């Protein structure tokens, strides 16, 4: 079966590429990426259609498509970016922003300008690779590789099984390409296939295809958010992971009559650290509880990228656990088994077939960054924005007097940070007592009773109370669960037991992110950065000491907002743009495309003028005119036989109109006389005869042939003797 190079093939390829991008939906929020991706595809389709109608060489078509697509990418990139630092700096910053979104985000990732630009680049690379495979190399069967690339990427990254419906557009795209190619054989057939120029063209585009595939592979490699170490990349059991309520385990551990060891650890610095397991954003009328997690096997390692001291610990777990305890903010974990990560709660969850059994006897190491804001930073901080609204919900069923109490506690505070410190100081005052003889509940009723009546409880009550009061003041907050540092053993390691289980509040403050507080009075003291009696310099890092109480506090230090909760500092409107780039760029892009299309015609005009220039010797003028006559015939798809000018022109005039035939015959006679006659030839007549020949050729040609001769003259792509 013969390959068909139909003018609409490029249009079909563009549509197929767009369909293959649909499986990106589980990875990117919204559908704006599909709208943006259509722009380079439309440019490629239009250029391919136009040049196919003009029967342009395929390599030239591919080059024109690449230039047009690059122009579209530049225009959209500058329009998407809010920067105005020049094209190269702006585009590099946009790409960097997109890569950061991929590395730090969890699917579906917010469609930031950088991420949209990377989707544009992906669409551009895919459509050019498909053009190479289908139209240049005539290997349409291989189109399945680039068409299925996005689907495979989504299936690899998304934690849940990817719906089979996302495979339908890929299948449809592949069928469209095969139908457009009409059963492409393994080798090209027909007369053109045997021509040396054709074989050379295939070698050229083959090399270009290899380079393009390499570029595509490198680009896709940057899009897969793999960290330096990702130990939880093994498949877990089918279906969602069912997690137990961590507050139930906390209550059981604290009330356990006989204490038992949970884990031992050693730190690189030799100092004790606090180990965090999960956060509970949902504080409802019934108490603090988990929210559905968006577990992913990728994306961990960039939850916190702010300043701080590096903390490295080696841990040995002794008991079953579905969570992996780690210091805040963990940046790298090396652990055997299958694990998944939820950046919203910063929890590392067992996802392998053994689940909780994975931690028994498990040895792992964690590298974290321990941040440390100054007290002034907290006092100046306002409430953060952009987090999940669930972190702002004041639980129903709360006694209205709790809200009145909160107003009185923060009456003298002017910022969210100052209000947080006021609430912490109030709960740590002598008005409250620490005791395990309290109801094991963080419900609205229990919190109301705790704040208004008995004023006694343990860590879960103090943490829930501060979360409730902070939310009443519009400060996003949640309860974190984990362990205090434990006790130092003789060998320098630390032992964490069940009685070291603890809960504490985390408040989201402006640029500081999630900041940990300690309202539980049983702890030796509040975090250093919140204690007015002990204000470390901004660069200081708190060094907590083990507490003898059953419910001490976590390490002083703020946490950073998780990627999914980080407010975007850049506009996400794909139609927005930076100053200086939003106006005029479409005009320059269109002008560039027009200039590209006009380039062959311009070159042809220059060659004609050079061959027919005045002031030449008669013999040179005759040779130039003869080469121009040969070029004109080739431009219009006609061939002149080899031989001397006279016989060659006589053999060709039968295919021309009367005016064209007469002009060509006269040119042949003049050139013949210039070469073989002593008297020379009337070279002055040659320019007018060439003009008559051009008019005669155009007179008998179709509109398509005339357009091709003007815009894509074939004589430019071959040697004229």
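Just so you know, glycine gets a Cβ as well, placed from its N, Cα and C.
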Quick test of your reading of TrEMBL: among 164-184, 248-268, where does it put transmembrane segment? 164-184
TrEMBL feature region 'Disordered', matched against 520-577, 578-635, 636-693, maps to 520-577
Look over the recorded stretches 7-27, 33-52, 140-158, 164-184 and say which has the most C-beta pairs under 8 A to the transmembrane segment (114-133). 33-52
For the domain 'Transglutaminase-like' (451-521), give the DSSP counts of helix residues, strand residues and coil residues. 24 helix, 28 strand, 19 coil
Across the domain 'Transglutaminase-like' (451-521), what does the mean pLDDT come to, as a whole number? 91
